[in-house]
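**Student:** Under the heading domain 'G-protein coupled receptors family 1 profile', TrEMBL lists 72-364. Taken from TrEMBL, the feature transmembrane segment covers 57-80, 92-114, 154-175, 196-217, 249-275, 315-339, 345-366.
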Amino acid sequence: MTALLPNITVPGSTAVLLPTTDSLFNLTAAAQAGLGSGQSLAPLCTLCCCGFLNRTLAVVFMVSLAFAIVVGNVITLTVFVQTRQSRTPQGYLKVSLAIADMMVGVLVVPFSVYTEISLMVTSSPPIWYQGSSTSPATSTSFGGLVSPWQPCMLIGPVFAGCTFVSISTIFLMTLERSVAILWPLHKDALVTRRRTLLLILLSWAASFLLALAPLIFSSNFTLEYNECSRMCNYSPLLFGSQLPPDANILLLFPAFDFTLLGGTLAVNIVSFTSIRQYSRKRKLLSEGSLSDAGGGGAGCSHRPSFSDIKAAKTIGILTFAFTASFSPIAVFVLGNVVGYTWCNFSFFAFWILTGNSCCNVIIYSVRDHRFRKGVSLLFQRDNSLPHGEKS
């Protein structure tokens, strides 16, 4: 989930990070260092990335996406909080997923909107833009230099951490449904609210620890706003023309995601195989091919409920949607680690993944009849509230 951006060394200064486009180096920092006057210059980039029309369309898209993410997940949280039937282990997992998605819509996307609008309406980028490349350090009364605070140090890990929370939550939801499918009689004993809440807390802690891993375990990375992806990305500090020796630490991100996605796929295969066997047995029973004494009755007494089967299929759709949205990012990260820079592709890769944050509520609306009923009751309650107050 990172973009690898090369740096150069400017005479009279430290190593300066320079973001790139497909075939163009951003020489703003070099020019600024040569001026030595602290003036801010607009970053150089291609028309496809920084044209006025392109930025305007990107801002409109970002604002619409942020609105859809926030509204959709607020509705999801409201339904699960106010509906008593939703206070189950699966409901808690859905709440965790909705919180992670809403954090993306509240923090990550609005920050990109603010940055893009700032670059459009002002002749100079924000003081923190591109980290140290355009931000002159200010002197203190003690004679030291203090660089401006970089907001990407917060926004970048939030986006990465929320992405990891999403995939780990989907994995836990898959495990919960597989228990309901394979061992329906032991579901309540194995999957409890306390265990579910503990696993949710562990997934959040592990996800954000992994998101900060390049900063914790290495001093050769920083976070800065990328003009191509329009997001805060990890950037390695190059020495000469060589990547740092620990650049491969960024491969932890796709490795973690694809490991959980692979596990989720394997569990789904087992669950759906069991569902298919049960459906086939039920069909044979309805046709009279199997007698109750021939083992069919035992299978029926331990059969999963229809709601469990439908929930398992819904989670399978969630898994497919997340896999499809994450795959472009994985390709982009792998390409960057070996030295490729894809400016246009990076924008689509990162924002396809961001758009997944508003897909869950759509999937719930189509697949989950309890969710649809909760939404209808929620709006009916709002419409009938004045009458209740009058009565």
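Using N, Cα and C of the backbone, Cβ positions are placed for all residues, glycine too.
Just so you know, TrEMBL annotations are computer predictions that nobody has curated.
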**Student:** Counting only residues 6 or more past its boundaries, what in the same chain has a CB within less than 8 Å of a CB in the transmembrane segment (345-366)?
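**Tutor:** Answer is 1, 3, 49, 58, 61, 65, 68-69, 72-73, 75-76, 94, 97-98, 100-102, 104-105, 108-109, 159, 162-163, 166, 226, 228-231, 314, 317-318, 321-322, 325-326, 328-329, 331-332, 372, 375.
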**Student:** By Cβ distance under 8 Å, which residues at least 6 away from the ends of the transmembrane segment (315-339) in the same chain are close to it?
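**Tutor:** Hits for the transmembrane segment (315-339): 1-4, 163, 166-167, 170, 173-174, 177, 243, 247-248, 250-251, 253-254, 257-258, 261, 264-265, 268, 272, 345-346, 348-350, 352-353, 355-356, 359-360, 363, 367.
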**Student:** To the transmembrane segment (249-275), which of 57-80, 92-114, 154-175, 196-217 is linked by the most Cβ pairs under 8 Å?
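**Tutor:** Comparing 57-80, 92-114, 154-175, 196-217: 154-175 has the most Cβ pairs near the transmembrane segment (249-275).
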**Student:** Going along the chain, which residues at least six beyond the ends of the transmembrane segment (196-217) come within the CB cut-off of under 8 Å?
**Tutor:** 2, 89, 92-93, 96, 156-158, 160-162, 164-165, 168-169, 172, 176, 223, 234, 246, 249-250, 252-253, 256
